[in-house]
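K.L.:
Can you keep this structure in mind? I'll have questions shortly.
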Amino acid sequence: QTQLLGVLLAAASNFLISVSLNIQKCAHLRLACETELKPYYTSKLWWCGITLLGLGEVGNVTAYGFAPIALVAPLGCVSVIGSAFISVLFLKKTMRAADILGGTLAITGTYLLVTFAPSVPQEVTARQVQNYLVSWPFLVYSILEIIIFCILLYFYKRKGVKHIVVLLMMVALLASLTVIAVKAVASMITLSAKGKMQLTYPVFYIMIILMATSCGFQVKFLNQAMHLYEVTEVVPINFVFFTTSAIISGVIFYREFQSAALLSVFMFLFGCLLSFLGVFVIARNKTEEHLQIPFIDCGHIPGQKLTGKIQPDSHSSCYGTLNNEDDSVKSQS
């Protein structure tokens, strides 16, 4: 029952996140259509989306206290599925056959994940977290992760390599530490609320620092990837990398598959594969929405026709150029 509560909480939270993102996008589009440009933070609709996003993230964190990492992390596909279908209502997009196929694959994969997920005790105490931190599997895993991260960071900083795989690999390595810390903090808070005080242990505050630090750098590299690449590329690759790293960290740190049967492990991995495939199908060939490119109507400039326009010129230091420049302007330029 505790694990089922975590599953329902994670699914509902990810669905809430997809609703919030679509509401924010709708707010931005509405503001762009207004004659008087206003900052996005003046929109009540945008603040409504931000509030729902905060509630969804809090629900996601809480879910780690009730269900294994290997089960909560893959449920992030609910956000991708929900966003594809909710955008039809909020943003008036057309439903594609790829959305239906991808949603079906992802829902089937989610069902297999929930059915064959590891059933382990979710009440992780502060003493257990301390023991896990000094266990040799986690120490070996941490050393390997630090070495890989340093190599990727070297190529990113020194060599200027900003490939999407390099950026999202660094995000995934940081995310593995984030989910470990989030689960530890959520579990200790849950136990403390039940009367078993865990907040007096130093490891609780160490985990909070680890969670905040890894989240901060994770957001930095993810924003860099979003800036350089299309959302349709970043979302599926980041989902696959994040989910894989989260499952591996749950297996090594919390030993979630320690007593699982081979068939259960195989079906769980097959469910992950279907979820990954569903997310890629939904994101594949999805066109990006761009706001209308601004231009200046030359009808408002004396001596210019209504059909003329000043377009931004990327090869010039000026904002734009007129269609019919006279000789004096040319000579001055």
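Here the Cβ of each residue, glycine as well, is placed from N, Cα and C on the backbone.
On a predicted model such as this, the values are computed, not experimentally measured, just so you know.
For reference, TrEMBL lists these features for the protein:
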TRANSMEM  6-24  transmembrane segment
TRANSMEM  45-63  transmembrane segment
TRANSMEM  69-91  transmembrane segment
TRANSMEM  98-118  transmembrane segment
TRANSMEM  138-156  transmembrane segment
TRANSMEM  163-191  transmembrane segment
TRANSMEM  203-222  transmembrane segment
TRANSMEM  234-254  transmembrane segment
TRANSMEM  260-283  transmembrane segment
K.L.:
Can you tell me which parts of the same chain pack against the transmembrane segment (69-91), counting only residues 6+ beyond its ends and a CB-CB cutoff under 8 A?
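P.N.:
Contacts of the transmembrane segment (69-91) (Cβ under 8 Å, skipping residues fewer than 6 from its ends): 3, 6-7, 10-11, 14-15, 17-19, 21-23, 25-26, 29, 60, 63, 99, 102-103, 106-107, 109-110, 113-114, 117-118, 179-180, 183, 235-236, 239, 242-243, 246-247, 249-251, 254, 256-257, 268, 271-272, 275, 278-279, 282-283, 289.
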K.L.:
Out of 6-24, 98-118, 138-156, 234-254, 260-283, which stretch has the largest tally of CB pairs under 8 angstroms to the transmembrane segment (163-191)?
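P.N.:
The stretch with the most close Cβ contacts to the transmembrane segment (163-191) is 234-254.
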K.L.:
Quick test of the contact rule: Cβ under 8 Å, at least six residues beyond the ends. What residues does that give for the transmembrane segment (6-24)?
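P.N.:
Residues packing against the transmembrane segment (6-24) from afar: 45-46, 48-53, 55-60, 62-67, 71-72, 75-83, 86-87, 90-91, 110, 114, 122.
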K.L.:
Are there residues at least 6 beyond the ends of the transmembrane segment (138-156) whose Cβ is under 8 Å from a Cβ of it, and what are they?
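P.N.:
Result: 132, 162, 166-167, 169-170, 173-174, 176-177, 248-249, 252-253.
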